[in-house]
């Protein structure tokens with residue numbers, strides 16, 4: 001599942017997927033996600049980054065390293081060297097100091113050993129005048145009240161790390177932490193307060209955080225690589241650069257204006273909304289749906305997928321699921337609560353009207369504005385009726401309920417308005433039409449939905465049906481036109497997400513190749529920005545995290561031994577995809593991935609995207625002739641995210657997320673385990689959350705739990721639902737949807753616990769690490785938790801925060817920190833939190 005949140009869906013070109021991801025990938029981005037079963041979870045979405053880092057030329061050796069440092073790092077390194085020198089001098093002085101002064105120091109240490117966290121007057125190292133000086137945090141005991149030592153022997157000063165990696169990690173944290181806050185009261189503010197204060201949300205974004213920073217860095221790097229004037233031996237890489245250039249060709253877009261879209265409308269039989277005398281006698285419902293799906297990838301009234309049969313993952317099969325709405329998946333509340341969301345629906349109405357008016361003007365059409373507006377009202381009213389029959393996402397977590405194997409002939413009874421066999425034969429490649437007949441198997445996710453949508457279609461005028469279908473096609477394709485449509489969309493986004501202005505065009509265009517040619521774009525990125533040593537280090541961490549999960553299973557007292565053994569076997573069977581697929585290093589094999597797709601600099605942007613849709617769909621249908629490939633690494637390496645696929649039982653960590661500030665081979669292990677280690681643990685735990693637990697080690701949907709263990713799991717799961725359901729989201733009056741977010745919350749909780757235990761085991765086997773410079777008063781176990789929280793630093797506009805509550809299966813970032821740590825006794829021990837402190841409640845929810 002995803003690891004974050006995002007705005008509604010305003011673009012159609014994406015693959016469908018069942019993967020659980022670290023953060024939600026925005027549906028209005030161009031980053032693709034692996035194809036998958038529609039029944040499992042919402043399609044991945046991607047959060048819009050902001051401008052942070054602009055990469056320049058590469059440098060070699062020490063000069064390259066120094067030039068790549070930030071200003072803060074350059075300033076901190078000389079300070080660090082001076083600190084080391086002064087420390088050596090100080091030690092020499094201490095050795096020769098009078099014993100009377102030594103005893104006096106010992107007495108003072110005894111008096112201040114129990115100094116409180118939040119009282120600066122009792123802590124001589126922290127003053128009210130300098131709140132940025134970190135407080136002395138007592139080193140972690142195993143008991144909340146450590147025994148007071150009376151030894152007169154001076155404690156040994158902790159070793160401090162001075163490597164570039166330590167300096168860089170320390171800089172990240174020093175620039176983020178608000179150490180005037182007691183970590184036991186609000187650890188999110190403690191770890192992120194300064195970062196959030198010093199990083200306003202850019203006008204071209206609805207939210208900004210450390211995750212968005214990483215996304216933006218990758219996007220900037222891709223931009224530089226795609227703009228290189230080079231021709232390579234790889235045709236697919238050349239096509240990736242040609243796609244970027246066509247997207248950036250504003251001159252051509254301005255010349256074409258709405259011409260390409262009018263060609264589309266003509267192909268589909270004209271849009272009644274724009275026509276004076278639309279001929280309803282030419283209406284053919286099946287043909288309308290065929291042309292929309294086959295040529296433009298737009299599903300209306302139902303969604304069609306090809307993926308592994310959930311109960312026999314050796315084979316691929318057809319899936320049909322309920323529709324999405326124009327505002328995106330999970331947005332039904334916007335339509336159903338028109339009082340609360342009146343401003344949003346007003347913005348949507350205006351958005352539709354402005355697009356229609358622009359098309360009318362460009363086409364020199366004569367239909368009156370009043371008639372057009374009347375049709376627009378009917379479109380919105382119809383979509384409200386459609387929203388009423390769509391099943392809410394938080395009611396779609398029982399995957400067995402969603403698995404209904406039928407035959408195509410059964411669809412004629414459920415939705416008879418569609419002539420199903422010709423429909424499938426028409427959208428499939430011509431060499432595969434023989435696969436579709438009355439007895440062809442298909443898995444239906446929502447049977448009652450199809451019955452209800454049939455009733456809605458039956459009572460709706462054919463003109464309105466055509467208006468709605470073509471509106472969905474228009475909405476999906478206006479982004480490939482000139483910037484007038486971007487201006488219209490931006491006015492809409494200002495209300496829906498709080499985003500104040502459109503991003504520069506290159507930001508969107510840099511992501512387009514990752515949609516059309518994800519592996520080719522990823523190959524460009526990996527060659528320039530990913531080290532093989534990091535791949536090996538990530539693999540070692542995965543092994544450690546997997547062992548840590550197995551230890552948690554063995555240690556728990558609520559599963560029987562047989563179920564424990566099956567759970568551990570499933571964890572040990574997980575497939576690891578790290579960094580990039582091997583094909584990205586083999587250019588001839590890479591080019592074979594894109595046989596049948598031809599893109600050149602002479603192609604218009606609109607035509608490239610249309611060709612890509614047709615090619616993608618043909619490739620998807622070909623999967624029906626092949627076994628399901630559980631080892632397919634079908635995600636662009638340039639994606640900043642992580643994934644778990646239940647049908648593959650596979651975890652995937654693209655190169656894009658294996659980057660600072662979340663991971664580096666030069667970072668201390670405490671930093672890596674707290675950040676990317678928690679991500680790895682998160683994805684492993686997805687195999688054992690409320691949905692992943694329904695699948696076995698081979699990816700098949702069947703119950704492998706004993707009744708008693710399943711009942712115990714359900715009790716613990718409900719605890720998580722209730723805990724998060726009681727959190728009120730900042731800037732809104734809404735509470736977190738504990739039911740919708742439970743899978744991600746279970747994964748967060750398990751992931752951090754696994755990562756912490758894995759780090760503790762590392763220390764046991766390898767010894768304590770030196771501490772971070774400037775933060776040496778914090779133990780490395782304390783830094784582990786700072787590193788985890790730092791992953792989620794950031795904030796959102798009010799509208800975006802509201803949208804997240806309604807549509808996203810992830811909790812807001814603050815609760816991904818507070819919610820997890822409130823359930824970890826180890827955190828309370830490390831920070832010596834008193835009983836019933838805000839981040840150390842007596843009642844804790846523990847699944848894994």
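Each Cβ is built from the backbone N, Cα and C atoms, and glycine gets one as well.
Taken from Swiss-Prot, the feature topological domain 'Cytoplasmic' applies to 1-74, supported by sequence analysis. Annotation source Swiss-Prot lists region 'Disordered' at 108-161. According to Swiss-Prot, the feature Zn(2+) binding site maps to 682, 686, 744. The active site feature in Swiss-Prot is assigned to 683.
Structure coloured by features recorded in Swiss-Prot.
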residue	record	CB count, 10 Å
682	Zn(2+) binding site	30
683	active site	28
686	Zn(2+) binding site	29
744	Zn(2+) binding site	30
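Geometry remark: residue 744 (Zn(2+) binding site) versus the residue listed as 'active site', CA distance 9 Å.
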